[in-house]
Amino acid sequence: MEKGILVVSFGTSHMDTMEKTITVIEREIARRFPEWRVYRAFTSRMIVRKLKRTENMEIDTVEEALKRMAADGISEVIVQPTHIINGIENDRMMEDLMEHMSFFNRIRVGKPLLSSVDDYKKAIHGVMSEVGLETGEMLVLMGHGTDHHANSAYPTLEYTFHALGYNQVLVGTVESFPELKNVMAKLEIAEKKKVALMPFMLVAGDHAKNDMAGEEDSWKSELEDAGYEVRVIMKGLGEFEGIRKIFLEHIEEAME
């Protein structure tokens, strides 16, 4: 029986961060599960189109990847998303899978990064073991945020950081709650003037480079205007070994 793992990411058009995150995750999956063929899909059609236009790079959508796998004779499939939360992109992925289940004898699906209490704890320790904060420095993490109910993952994440003793960490989102103003209110209470700013996203792409660390109207510029000394950590979560390990564990759980 031919077996395949489909790694599903939202995607990025920034080649530098793609190589350090998505590509590394896929390689580690291929190394860990040598008897399985590894395939890639992006859920963002806009990014797929942009990569074709700017890099002449062909990336499959989930639907295209499933058709490719079926054509290659794959009959047993594990789908592993690299999504952070169980939100809109994951729902869309599941819809595509439901429509194409008949192509295969068996499809199993791994969970996104933050799916259980243990996942939160492992993700937090994975980040804090590598991030290297300076004395008196607060770590502000920028998540994406969504109007999907799964957005509750972000306040839960900050709560769990504090429950594990990392009181110097605050979590905000670009597109939902908590906002930067909520983060800044807590920074004021903490009475610390040094901030390390890092994306809590798989890749350090457009949001990280522009919304977080850009010259104008970014989190960095707003924090600096408010008198904070800001250090940018331009690393996507996919660069952290502890984060990649969680995705590998989720594949193993799906195999059980």
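Cβ coordinates are placed from backbone N, Cα and C, and glycine is handled just like the others.
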Further binder of Co(2+) named by TrEMBL next to GLU175, HIS207, taken from the candidates HIS144, HIS148, HIS149: HIS144
Distance [Cα-Cα, Å, rounded] between HIS144 (active site, proton acceptor) and GLU175 (Co(2+) binding site): 6
GLU175 (Co(2+) binding site) in three-state DSSP notation: coil
Co(2+) site shell beyond HIS144, GLU175, HIS207, criterion: Cβ within 8 Å of Cβ centroid: MET142, GLY143, GLY145, THR173, VAL174, MET201, ASP211
Residues near HIS207 (Co(2+) binding site) in space but at least six apart in sequence (CB under 8 A): MET142, HIS144, VAL174, PRO199, MET201
